[in-house]
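Only one structure is covered here, and it is reproduced in the block below.
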Amino acid sequence: LEDSQPQAKQSSCCLGYPVSIFFIVVNEFCERFSYYGMKAVLVLYFKYFIGWDNDLSTTIYHTFVALCYLTPILGAIIADSWLGKFKAIVYLSIVYTIGQVIMAISAIHDITDTNRDGTPDNMTFHTAMSMLGLMLIALGTGGIKPCVAAFGGDQFEEHQEKQRSTFFSIFYLSINAGSLLSTLITPILRAQECGIYSKQSCFPLAFGVPAALMVVALIVFIAGHSMYIMESPKGNILLRVMKCIGFAIKNRFNHRSQQHPKREHWMDWAEEKYDKLLIAQVKMVLKVLFLYIPLPMFWALFDQQGSRWTLQATTMDGNFGAFIIQPDQMQIVNPILIVIMVPIMDSAVYPLIKKCHINFTPLRRMTVGMLLAALAFVAAALLQIQIDQTMPNFPSSSQIQVKFLNLENTSVPVEVEGQEPFAVPGFDDWFCGPGSHIYIYRIAICRDENCKARKQCKPIARLLFCTDLIPSLLRANFTIVNEEGQTCHYILQLGFGSSYTVLIPSTFSFGESCTENIKAIQDIEPNGIHMAWQVIQYFLMTCGEVVFSVTGLDFSYAQAPSNMKSVLQAGWLLTVAVGNIIVLIVAEAGSLPDQWAEYVLFASLLVAVSIIFAVMAYFYTYMDPMEIEAKFMDLEPEEKKRKELGMTTKDNLAYVNNETSNNTDDKQTKI
């Protein structure tokens with residue numbers, strides 16, 4: 001795995017593209033399948049296997065996602081300062097793969113099920129294994145994030161700027177293709193039953209397949225080793241940058257009196273210790289990072305597709321006739337639209353805008369993307385208002401814990417001891433329909449009409465949810481069991497978002513006709529708002545993502561200094577982590593009574609941030625990092641200058657030439 005010298009290697013081409021990028025694209029597809037496939041069932045794993053409640057499951061889930069986007073800075077340091085991009089991707093992918101395997105092992109309930117009752121006897125072991133696996137996955141996926149895209153950009157020659165721009169679109173397309181297939185397939189795998197002693201939801205398979213895809217990703221990436229253009233690491237550049245910034249701040253503070261002449265830029269106060277090339281590179285990085293400050297707000301809205309929007313879908317009708325869509329499966333709409341929209345934008349929309357002589361610069365594209373995301377949340381708020389008009393007021397837990405009913409005009413009172421809906425392990429809206437509420441009761445006959453103590457009542461039967469998964473998600477299968485072991489099977493047809501109370505009379509008897517006297521009373525009618533209405537907000541969000549995220553990836557690469565590309569890519573990904581943290585803060589501290597109001601709040605915040613970003617973008621001047629760096633090089637031959645710079649900014653002139661030719665303002669590229 002030795003890094004070769006890029007100056008001596010000529011990349012083989014196919015259809016005008018380096019052959020090496022096909023290995024990179026396939027690797028990215030498999031890695032994204034692995035990540036999104038595991039993440040698709042992660043919350044269900046926390047809730048139904050580990051046994052955590054909704055709040056803790058959600059908290060750990062978002063913490064994991066945030067960690068995945070915080071670790072890229074570590075990967076950038078490893079790649080740029082120590083191993084180089086290729087070795088960093090390989091070694092961190094190995095860590096990644098080990099983490100996925102550990103997650104699959106942690107989901108095997110038979111490992112600690114010594115009494116073979118279907119329940120792990122040592123849940124601490126499974127929890128510890130899963131946390132270890134998630135930490136390794138976060139380190140692996142986060143570590144390679146800033147490296148893969150930048151490594152792909154390194155494969156192009158100076159004359160291939162158009163192909164390089166198209167590569168980033170194809171690269172982003174592979175991400176969403178992996179996301180699409182994994183979001184569709186992994187829940188199906190989880191719904192299977194597997195186990196040695198007892199059959200359970202097959203989380204080991206749901207985690208095992210992503211682990212296998214990660215192995216494939218690693219093998220494919222290594223297979224293209226001989227074709228890659230690879231750069232050697234240029235030293236601990238991030239540490240030098242931090243020291244340079246620190247020295248500039250300290251030196252400026254020490255010379256704050258008016259007797260010292262002002263300097264053009266505050267970083268120029270580092271000239272006493274650091275060379276001008278490094279200072280120029282730091283200025284370029286800081287200039288772009290300053291532009292990143294408003295970006296987390298976009299991701300705060302975008303990542304709620306997997307949380308708030310999914311919860312919204314649970315209150316809607318998911319019956320699409322021949323098939324049933326589960327709430328979390330609505331997330332498939334995003335990658336489907338990405339696969340459609342990316343080529344349309346590249347081949348039709350952008351060329352049309354150019355023909356209309358509209359100066360649609362990268363930063364203007366990103367501003368439009370942010371506004372589209374805000375508009376998506378306005379659509380979500382309008383939909384939520386319609387949903388709220390059809391939603392009943394659900395009873396609180398204190399209202400449904402104990403009820404005394406007189407059934408069928410019988411003189412024998414029947415005590416119905418209820419619990420929270422979905423309190424029975426393994427039974428909730430995932431299995432019996434989104435938003436469906438079934439009250440699970442323990443039935444007892446009270447001999448004394450005034451009795452209220454549980455001990456005074458003689459239990460006659462238990463109403464249990466069958467642990468077998470049912471092909472139709474619009475019905476629930478119950479089994480009534482008495483102390484002698486007699487059973488009665490009862491199937492209840494459900495409606496999306498409806499609520500039912502199942503009543504068993506005191507005259508109930510086991511036998512072939514045992515279900516005739518059982519009654520299911522519909523407390524709440526099924527939802528009347530269809531999930532298909534969410535496609536509008538998904539479409540708006542996806543359009544915003546295409547013009548925001550794809551452009552941002554390309555922009556980050558083009559504006560980065562030659563030896564800091566992975567660092568700037570990590571800074572881009574860091575905005576995603578901050579966005580997830582914003583969601584956690586608002587979700588925990590928010591006191592808005594209505595969900596639609598929270599959607600409007602997020603939309604308003606993003607509109608405000610978009611205005612700020614537009615102003616910042618107006619005053620931003622696009623840079624050619626290679627040209628700026630060349631000004632500080634003392635080497636005479638032009639070819640030698642390029643070698644020193646590593647030739648990783650060959651294509652940045654594409655941006656500068658495009659912007660300067662279309663920009664009506666006479667702005668100059670300066671630090």
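Cβ coordinates come from backbone N, Cα and C, glycine included.
According to TrEMBL, the protein carries these features:
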TRANSMEM  60-79  transmembrane segment
TRANSMEM  88-108  transmembrane segment
TRANSMEM  128-153  transmembrane segment
TRANSMEM  165-185  transmembrane segment
TRANSMEM  205-230  transmembrane segment
TRANSMEM  284-302  transmembrane segment
TRANSMEM  332-353  transmembrane segment
TRANSMEM  365-387  transmembrane segment
TRANSMEM  535-555  transmembrane segment
TRANSMEM  567-587  transmembrane segment
TRANSMEM  599-623  transmembrane segment
REGION    645-671  region 'Disordered'
COMPBIAS  649-663  compositional bias 'Polar residues'
Key: Result, the transmembrane segment (284-302) in contact with the transmembrane segment (88-108) (3+ CB pairs under 8 Å)   = no
Message = Let me spell it out: take the transmembrane segment (60-79), skip the flanking residues so only those 6+ beyond its ends count, and list any with a Cβ under 8 Å from a Cβ in it.
response = 35, 39, 42-43, 46, 52, 85, 88-89, 92, 134-135, 137-139, 141-147, 233, 236, 238, 303, 307, 566-567, 569-571, 573-574, 576-577, 580-581, 583-584
Ask   = Which residues, given as numbers and ranges, are at least 6 beyond the ends of the transmembrane segment (284-302) yet have a Cβ under 8 Å from it?
value = 241, 245, 267, 363, 366, 369-370, 373-374, 376-377, 541, 544-545, 548, 552, 556, 559-561, 564, 567-568, 571-572, 574-576, 578-583, 586, 602-603, 605-606, 609-610, 612-613, 616-617, 620, 623, 625, 628, 671
Remark   = Ranked by Cβ pairs within a distance under 8 Å of the transmembrane segment (535-555), the first of 365-387, 567-587, 599-623 is 365-387
Note = Residues outside the transmembrane segment (205-230) whose C-beta sits under 8 Å from one of its C-beta atoms, at least 6 past its ends, are 1, 3-4, 6, 9, 11-12, 18-20, 22-24, 26-31, 33-35, 37-38, 41, 45, 84-86, 89-90, 93-94, 96-97, 100-101, 103-104, 106-107, 151, 154-155, 182, 185-187, 189-190, 192, 194
Query = When you scan the chain for residues with a C-beta under 8 Å from the transmembrane segment (567-587), skipping those not six or more beyond its ends, what do you find?
reply = 59, 62-63, 65-70, 72-73, 75-77, 80, 142, 145-147, 149-150, 237-238, 241, 285, 288-289, 292, 295-304, 307, 552-553, 556-557, 559-560, 598, 601-602
Message = Six or more residues beyond either end and a Cβ under 8 Å away: which residues meet both conditions relative to the transmembrane segment (165-185)?
response = 17, 21, 24-26, 28-37, 40, 149, 152-153, 156, 209-210, 329, 331-332, 334-336, 338-339, 342-343, 346, 549-550, 553-554, 557, 651, 654
